[in-house]
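What TrEMBL annotates here:
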BINDING   Gly11, Ile12, Asp13, Gly14, Ser15, Gly16, Lys17, Thr18  ATP binding site
DOMAIN    11-194  domain 'Thymidylate kinase-like'
Amino acid sequence: MSKGKVIAVCGIDGSGKTTTVEYIKNTIDMMGLPVIKVHSLSTVEEANNVYNSLKEKSLENQIGINRVDQAIGDYIFLNFLFKYETIIKPAINEGVHVVCDRFIYSHIANQRAFDVDTKLYEAYLKNIEPDLTLFLSNTVGISTNRIKTRKNSNKIERNKIMLEKISYHLQNILKNTPHIKVNSNSSIDYVENEVKKHVIALLGEEIKHDYYN
């Protein structure tokens, strides 16, 4: 039995990651191949409450906010490793393909934007490279327009600053990482066609013949 492949979809907020991950999963389903999708950086819903509580305590007790940011970054990283070891690795060992909404690259970029020490995270980069990394590249202006309808739309100006930082760091990380850059400023049809082309190239020999018919 051949091992499954890991496909990671990266990009800044508003680049279309979640939509693209769903499209890839459905496409591989149609190919007749086993596949799951994983949000590799998600945490429990209550995590934000914990983060906010930590920040409040740090301010009340005049503890440097950087300590809190580092703790949060480490927690999300440990959560990523846990998902990799308990969900992603077992799946690919059983021949199941895994589509990841975000990956370690996104985490490092996000944490660098908050001036968190990411050296420990970076030590794992070569050990857990996906078989295909798709970088959805778009401008911060496009991203902010897309997220205006979200709950945090009142923080758009702050988002612009953070998105610029995250975009800068993500592009720097990917310079040394094999990846496919997809222009997600373009239409959904264009993005889907580009993504499909690379997924077929990756899984070509496994695809059921009737998928092409």
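Backbone N, Cα and C atoms are what each Cβ position is placed from, and that goes for glycine too.
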DSSP state at Ser15 (ATP binding site), helix/strand/coil: coil
Long-range Cβ environment of Ser15 (ATP binding site), under 8 Å and at least 6 residues apart: Leu136, Ser137, Asn138, Ser143, Ser184
For the ATP site built from Gly11, Ile12, Asp13, Gly14, Ser15, Gly16, Lys17, Thr18, further residues of that chain with CB within 8 A of the site's CB center: Leu136, Asn138, Ser143, Arg146, Ser184
Other CB atoms within 10 A, centred on Gly14 (ATP binding site): 22
Mean of pLDDT values spanning the domain 'Thymidylate kinase-like' (11-194): 87
